[in-house]
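To start, the structure under review is shown below, and the notes come after it.
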């Protein structure tokens, strides 16, 4: 499991105790927030060695993006959710963020992946075939219960296997992260996030997994669908949450997750969220153009347009590491960037536009144009540096050629040191500058 968790960035709850002024890892006394801590950082709750290079960590994480793109593309295409289940110890190999949550009564601690493009929550349960050693024990929770096929929530879960009108327990089978899948029982129990308790929370109790991308301690969906955290806690959080992801550069950083409208920034710019009835979980926005420096990159509007039928468009996603565009869009952005920076250029991992870092001073800013606002990316969100050689690389890429993707994905590296606010009640997404370090 040491290798399995080495790519995680962990979100741990902020304590309500008063912090020492000299303790860089002390918690805030604001119990409305959750703190974002990297597994390889000084304040990690795990005993993980300090990484020799944050750049290599990002490069290694970005290498797993094609699996994420494959997963997102399969959601858009509405491919069948069923997949064969097989045994085997799992190694979670997609870098992501997790939230510290407690399930059951008394609460059992689980570090669950936070995913803005998924709805249904799920955790490994006692007796699970192929799961990690940390599992939820339904038998020790006084508030646990499985859900029947007759309950409306069962019909809202992808991959449920209840015959029409038949009684019995609601089971479902889903794929995740590309070629991985799991089999689970739809259940309900108390979910605790910080001091908030959500009773009768619906989630999947996993009994078998297959593949290498199933999070070892489960997933908490923050998508827009009916089974997501926001939908199940509408009276508590009013369909609002935000996060601020810190820079990967600092060993001493922490960020924050805020649930509910209280404490959200007032000075923030918004762009509308678009609804796709064929895939309601995803957070679509209207990206109207991209500028490199002062040049508006010539992009065919059809490649940027939102199409609910095909799933085409642009989404904001927490699980992808570097921003990915469909090939023609990325090529146009890359070519204009190269034209302004000059070469020679080389490749490094997922990045195909690397140049001598001595030319970084002339590197142009990247601007994303959305309906109602422009986002000028800070240079640390646009470039990544090599620790092995004096290179800087454009930190974006094309969608993998083996993925039939029509999606453009704004990923977490481009979101760092920004407050990203999701307001589903008013169908809008807000972005504001904020130092998360």
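Every residue gets a Cβ built from N, Cα and C, even glycine.
Per TrEMBL, signal peptide is recorded for 1-21.
Look at TrEMBL and you will find 97-432 tagged as domain 'Peptidase A1'.
Among the features that TrEMBL reports, active site is placed at 115 (among others).
Summarising the annotation, TrEMBL assigns active site to 317 (among others). Neighbour list (residue 317 (active site), Cβ cut-off 8 Å, at least 6 residues apart, same chain): 68, 72, 116, 117, 282, 283, 409, 410, 411, 412.
Across the domain 'Peptidase A1' (97-432), mean pLDDT in this model comes to 90. Note on residue 115 (active site): other Cβ atoms within 10 Å of its Cβ, all shown chains, come to 25.
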